[in-house]
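Engineer: For reference, the structure I am asking about is given below.
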Amino acid sequence: MSSSTLSLKSTLPLPNSKHEIPRLGFGVYQSHDQTCVKSCLTALKAGYRHIDTAQYYANESLVGDAVRQSGVPRSEVYITTKILSPGSDAESTYKSVVESVEKIDGGKDGYVDLFLIHSPNGGRDARKLMWQALERARKEGKVRDIGVSNFGKGHIKELKEWAEVWPPAVNQIELHPWCQQRTAVSYCEEKGIVVEAYCPLVRNQKADDKTLKALAEKYQKSTGQILIRYCLQKNWVPLPKSDTPSRIEANADVYGFDISKEDMETLDGLDQGDKGAIVQAVTN
Ligand SMILES: NC(=O)c1ccc[n+]([C@@H]2O[C@H](COP(=O)([O-])OP(=O)(O)OC[C@H]3O[C@@H](n4cnc5c(N)ncnc54)[C@H](OP(=O)(O)O)[C@@H]3O)[C@@H](O)[C@H]2O)c1
């Protein structure tokens, strides 16, 4: 997509859904206490309309507080959370999902836009319990769309064995030039599953990479802005995190320029496969 059409307001359609997902998200992993509230408020003021939290981050209520304080209507903010592990049975797993919804949006008609299984690592029974709990919450309107995270091709296919809702709306995985997870990404693209990029900034660990620095100089942007723009041009939904107001703003200032096809290919050439992951590469 060219710079003239892509903006902070751009969205992507989701499979099995009438809802769309904003193409830039704001991550809040390791954002705690009032810092989390302040960062979300700064992000919403800067124009982000999509926040990515999780049970594991222990800040779902803080994200909810920030959205309420911001004055931005709930219907205009896209909120994602993730279930970390199942309870001992279907009912307790479902309860855990509902508790998250209540923390984020406790009103009578409270909902979250997207609820993901955080990780496939708990095993087949865990994946089944969590997916069925998410399906129930979706049916009841507490959750609009459901998806997965850290899932490889095999895990996504396996869901079909018991899923009423398939494919999952999104798969959130680690993605940046050094970790491109091509098998999982092309499978998702083939099935219409939206691909979300976590650690899109590689946690700033590649700020001194020569190729990246040269491109930042060429486009007169920061290395972070190049990395986020790279994700957007790949059709991935990047979820940059920051608790630094100036960085929160800069990370959303990624429009009005295009990385050329040739320079996208140069960035593609940095892929190190699974070795490039700083958190986790999926198992396909
Ligand atoms: N599903 C999963 O398993 C999973 C795993 C990891 C992450 N995630 C999601 O993806 C989000 C992003 O991933 P992440 O937080 O791990 O990593 P990230 O977004 O790649 O990097 C965040 C780090 O980079 C720093 N930073 C942010 N903007 C910067 C800039 N413009 N220049 C220099 N440094 C900058 C931040 O520092 P300051 O905060 O100090 O500014 C923070 O330390 C998470 O918050 C979470 O929502 C999901």
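Even glycines carry a Cβ here, placed using N, Cα and C.
According to TrEMBL, the protein has these features:
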ACT_SITE  Tyr57  active site, proton donor
BINDING   His118  substrate binding site
DOMAIN    32-271  domain 'NADP-dependent oxidoreductase'
SITE      Lys82  site 'Lowers pKa of active site Tyr'
Engineer: Roughly how many Å lie between the Cα atoms of Lys82 (site 'Lowers pKa of active site Tyr') and the residue listed as 'substrate binding site', rounded to a whole value?
Structural biologist: 5
Engineer: Work out the three-state DSSP category of His118 (substrate binding site).
Structural biologist: coil
Engineer: What are the sequence-distant neighbours of Tyr57 (active site, proton donor), meaning same chain, six or more residues apart, C-beta distance under 8 angstroms?
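Structural biologist: Spatial neighbours, sequence-distant, of Tyr57 (active site, proton donor): Val28, Tyr29, Gln30, Ser31.
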Engineer: Ten-angstrom check, please: count other Cβ atoms within 10 Å of the Cβ of Lys82 (site 'Lowers pKa of active site Tyr'), all chains counted.
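Structural biologist: There are 24 of them.
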Engineer: Near His118 (substrate binding site), which residues of its own chain have a C-beta under 8 A away, given they sit six or more steps off in sequence?
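Structural biologist: Ala54, Gln55, Tyr56, Lys82, Ile83, Leu84, Ser149, Asn150 - these are the non-local Cβ neighbours of His118 (substrate binding site), listed in sequence order.
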Engineer: With DSSP assignments reduced to helix, strand and coil, which class does Tyr57 (active site, proton donor) get?
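Structural biologist: Helix, per DSSP.
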Engineer: For the domain 'NADP-dependent oxidoreductase' (32-271), would you mind checking the mean pLDDT of the predicted model?
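Structural biologist: For the domain 'NADP-dependent oxidoreductase' (32-271), the model's average pLDDT rounds to 98.
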